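Working notes for the structure below.
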Amino acid sequence: MSIEIKNTGVKKVVLAYSGGLDTSAIIPWLKENYDNCEIIAFCADVGQGEEELVGLTEKALASGASECHIVDLKEEFVKEYIYPTIASGAIYEGTYLLGTSMARPIIAKAQVEVARKVGADALCHGCTGKGNDQVRFEGCFAALAPDLKVIAPWREWTMQSREDLLAYLAERDIKTSASATKIYSRDANAFHISHEGGELEDPWNEPSKGVWTLTADPEDAPNKPEYVSLEVEHGRITKVNGEALTPYAALMTLNAIAAPHGVGRIDITENRLVGMKSRGCYETPGGTVMFAALRAIEELVLDKTSRNWREQVAAQMAHLVYDGRWFTPLCKSLLAASESLAESVNGEVVVKLYKGQATAVKKRSPNSLYSEAFATFGEDQVYDQKHAEGFIRLYSLASRIRALNANDVKSK
């Protein structure tokens, strides 16, 4: 077929490429709409699974890319993004551990690095115009490479459905294994997998068993609990069941241990950055165990005011990460605050895994502020309970004065 090539001045584009239907169609579309430009496919390996990477280079080249760069980011992703975020206590809207959100800044950073390496003058992503990811990616691009043009095909082209994309590729004799019958939209990395679409678009529908792919149904999980030990240094998991592991290996080990117990499933309706609500089902087995372990150590080592400050840091971090503001001064400051608080977050936790639950049942720390001698409900010789009387009188002084003033007003 005869295709008119538009003149836009773009010479070389680095595309965030997954090998899926969308990005497979984007490659020829870019050539047709951006000066027959050179397309460099870039894929970030953030632990989505080896099966997702098999044949990826061949597929990209067959679609029209001149190169395909697959960059292994797994260890960096866990060490530099997941661990600091978990240590901060960040959890979006009280439930979501930010698995997708945390992956976007490292992917964007690596994409920019590839663009610099190959001398590209534009970046491209396959995010839709309805979702959060377009904002996350482009926010990171703005912070890291404000000089590079950003192309977002879903905001430009007229295609609206999988059927449109399949027809587009067929017209150009580009083969794809994708079909029009895909039910769910999924996004996976080392930390979690998300599921959207299909029956989940109606919040009155219970997720079918076919939604979940990583964890066992808690109803079918073992009837006997499993206990896992985690050792923590400065807010980082360093050992699992006594074995020293790298951050990535620790996460993979905990995923393998916790998933058969159905740990880490959530079904939420969240507030998207772009204003609408969306429903998603998430599976985060290992991350849920890590989160529980760190919070358990914090209960031992953080005093009341420090714990209050950590909660404020966590709330702000959750929104910054969700909103794609990783590369901002505020995020840097909050990470520094979290790092400071984590200096005393050291110790060992035993987490009980049973029927979808991860519960910290044992914890100890060399920095523990808990004293059995002071906290005991039995007879003790170290705490004079009479001392509490003066504290209570001072603590409640403002309330006492307010009440006295109110009585004076009534009596006049």
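Yeah, the Cβs are placed from backbone N, Cα and C, and that goes for glycine too.
As the structure is a computational prediction, the values presented were derived from the model and not from experiment.
If you look up Swiss-Prot, you'll see ALA16, TYR17, SER18, GLY19, GLY20, LEU21, ASP22, THR23, SER24, ALA44, GLY126 marked as ATP binding site, on the strength of sequence analysis.
Positions annotated as L-citrulline binding site by Swiss-Prot, on the basis of sequence analysis: TYR96, SER101, ASN132, ARG136, SER185, SER194, GLU270, TYR282. Under DSSP, SER101 (L-citrulline binding site) is assigned to a helix (H, G or I) in the three-state scheme.
For ASN132 (L-citrulline binding site), the number of other Cβ atoms no farther than 10 Å from its own Cβ, over all displayed protein chains, is 20. Per Swiss-Prot, the feature L-aspartate binding site maps to THR128, ASN132, ASP133; the stated evidence is sequence analysis.
Using a 10 angstroms CA-CA radius around SER101 (L-citrulline binding site), the binding-site residues that qualify from ALA16, SER24, GLY126, ASP133 are ASP133. Ranked by CA distance from GLU270 (L-citrulline binding site), the binding-site residues ALA16, SER18, SER24, GLY126 have GLY126 at the top as the closest.
Close to ARG136 (L-citrulline binding site) in the fold, though at least 6 residues off in sequence, lie SER101, ARG104, PRO105, ALA108, LEU273, ASP323, GLY324, each with a CB less than 8 Å from its CB.
Secondary structure at THR128 (L-aspartate binding site), as computed by DSSP, is coil. Of all the binding-site residues in the record (TYR96, ASN132, ASP133, TYR282), the one with the smallest CA separation from SER18 (ATP binding site) is ASP133. Spread of the L-citrulline binding residues is 19 Å (greatest Cα-Cα distance among TYR96, SER101, ASN132, ARG136, SER185, SER194, GLU270, TYR282).
Counting only residues at least six positions away in the same chain, the Cβ atoms of HIS195, GLU196, GLY197 sit under 8 Å from the Cβ of SER185 (L-citrulline binding site).
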